[in-house]
């Protein structure tokens, strides 16, 4: 096979070194890292911050007081009301040029700090799972032998393992999208409250979204733990077929 394709020996040595490094790292991940991480996440799920039953405890102050109602009075001193108001408003607009913005009486509108704290702990865990799955997936792909007739049952197990790892990667990436959507949706609602401070439904919707996100974050952590459990169990049960899909595997590997 080597005679069919000329390969630079120096490059070949570097590629072989890369394969050995991936193999060593992936086997350590499956044997040691996955079980340790699932226990760590299981412990995280038992922390008080993730076991709040009264969800009103995670509500945050909107920092947007309801303004006093505007009282309209009759015009006096012979001034025509609408015309006089329009002239005064025109004078103000001429004095202050630029983009119109809503003035927040109490400063910046902050996020729900309790949820932000949880999110900042969850995001690194999501990224870590994606990275580790990618390493293990590469390892299994490198173990797949060349295509040929015969008993390919072991190869099908390898392919199913790769597919499962790819699915876990995609699901983990979707968790990051979910977090981004939460921030965007909440920001739009808070902007609505700033514009329509007297509408109570907007304020209630923000608290509903915060409660929903809290439940979702706990579910994400639970799913991360379960994915480590599933991958560890699946690979260990099929490790023989994954590493040696065919009896002549040593001769048929690329």
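Yeah, the Cβs are placed from backbone N, Cα and C, and that goes for glycine too.
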N6-acetyllysine: annotated position in Swiss-Prot, out of 46, 121, 195, 237: 195
From 17, 75, 156, the one Swiss-Prot labels phosphoserine: 17
Annotated residue, phosphoserine, per Swiss-Prot; candidates 24, 248: 24
Alpha-carbon spacing, residue 17 (phosphoserine) to residue 24 (phosphoserine), which is rounded to whole Å: 11
DSSP state at residue 195 (N6-acetyllysine), helix/strand/coil: helix
Distance from residue 195 (N6-acetyllysine) back to residue 24 (phosphoserine), taken between C-alpha atoms, in Å: 58
